[in-house]
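Note sheet for the following structure.
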Amino acid sequence: MRVMGVDPGLTRCGLSVIESGKGRQVIALDVDVVRTPAGHPLAHRLLAISDAVDHWLDTHRPDVIAIERVFSNQNANTAMGTAQAGGVIALAAARRDIDVHFHTPSEVKAAVTGNGRADKAQVTEMVTRILALQQKPTPADAADALALAICHCWRAPMLGRMAAAEEMAAEQRRKYQATLKAKAKAAQMSRSTR
């Protein structure tokens, strides 16, 4: 499975592509950070991100995109810009019929380091080890994009099993409700014929 990991942001947007192998084997194919100047109009910044993502999607043809879920209890403007960048990326994926999955920062940290409260240095160190990179990916947005892709590769089988189980439970619920409805209707008809 080829996964594009995205650490969305207006000033720096981390992009990565990794390929999963057997078990937990993952191979880094590419990583970069798209930068947009803070002083430029929002629409132009989003367009620059969109153009870069379009190029990456056309070049790397990922099977799925993993985007960091926006979370911020500090700066609403930062959270809004991050969400807007993530939306541009999700839209580009939807136009190509590529699945998009969102992962929280704590899910990513837990998947990569075993600790959902790991700091950026710990995440970067583990990403470097997991992917057997010669040097640490910089800036942190690049490491975060790789961590998102790794997280998705490792969580995807579980997510697939959970989705299948939820679908099976929903189907059983529908059948059970149909049976109850049929029994109620039969009981009502039986009473009306007496």
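We count from 1, first residue shown onward.
For all residues, glycine too, the Cβ spot is worked out from N, Cα and C.
Annotated features, as they stand in Swiss-Prot:
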ACT_SITE  D7  active site
ACT_SITE  E68  active site
ACT_SITE  D141  active site
BINDING   D7, D141  Mg(2+) 1 binding site
BINDING   E68  Mg(2+) 2 binding site
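Taking the features listed in Swiss-Prot, we show where each one sits on the structure.
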{"residue": "D7", "record": "active site", "Cβ neighbours (10 Å)": "29"}
{"residue": "E68", "record": "active site", "Cβ neighbours (10 Å)": "25"}
{"residue": "D141", "record": "active site", "Cβ neighbours (10 Å)": "26"}
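Taking the Cα atom of each, D7 (active site) and E68 (active site) are about 6 angstrom apart.
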